[in-house]
Amino acid sequence: MVLGLSLWVCVGVLLPFPYYYWLWTYPQTWVDLCGKRRDPCQWMARVSHLIKLIQFASLLSVSSTLSFPPWYSFALLIVGQFLNFKVYQLLGESGTYYGVRFGKNIPWVTGFPFGYIKDPQYVGSILSLLGCLCWVPFQYVFLWILGYVSMILVESKEDPATRAKPLS
């Protein structure tokens with residue numbers, strides 16, 4: 001029973017990363033699937049939010065009692081979420097959810113945290129996860145962080161020739 005639960009938690013934690021890999025690597029398939037009337041960024045965001053709920057439910061299933069965390073957990077969570085907020089504020093939904101890969105013209109952003117931190121959204125997410133270590137077993141947090149590191153590597157090799165052609 002414990003092994004089965006652990007396996008399902010691992011699947012839940014890793015669930016978004018094959019999805020992100022697919023969308024990053026083969027963006028035209030997502031644009032085609034969404035069709036002319038649907039914004040691929042908006043639909044990616046919707047699916048991603050649903051997957052995030054599954055991820056959090058997976059972690060909640062193995063979390064310890066919610067005790068008051070140490071101060072550094074708060075610091076990690078606050079800094080991590082601040083970075084995520086700033087990225088979303090600067091890029092918007094289309095910039096955050098692979099708009100450039102889906103054929104959208106997304107302006108290049110150089111303001112903080114860009115230009116200061118490489119991959120600030122992923123760094124923010126990783127910091128937030130580290131802030132949860134007081135509640136969640138290390139192996140699940142580590143697995144989730146490995147997912148983010150793998151996407152940092154995948155996204156660092158962006159080939160403009162593989163971008164989707166926008167549907168008109």
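Using the three backbone atoms N, Cα and C, a Cβ is placed for every residue, glycine included.
Residues annotated as topological domain 'Lumenal' in TrEMBL: 1-4. Here TrEMBL flags 5-25 as intramembrane segment. What TrEMBL lists as transmembrane segment is 6-26, 47-68, 122-149. Residues or ranges marked as S-adenosyl-L-methionine binding site by TrEMBL: I78, V79, G80, E158, D159. Annotation comment: TrEMBL describes 157-168 as topological domain 'Cytoplasmic'.
Structure coloured by features recorded in TrEMBL.
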| residue | record | Cβ neighbours (10 Å) |
| --- | --- | --- |
| I78 | S-adenosyl-L-methionine binding site | 13 |
| V79 | S-adenosyl-L-methionine binding site | 15 |
| G80 | S-adenosyl-L-methionine binding site | 21 |
| E158 | S-adenosyl-L-methionine binding site | 12 |
| D159 | S-adenosyl-L-methionine binding site | 7 |
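For the topological domain 'Cytoplasmic' (157-168), the residues of the chain that approach it from at least six positions outside its boundaries are 24-28, 30-32, 35-36, 40, 100-104, judged by C-beta separation under 8 angstroms.
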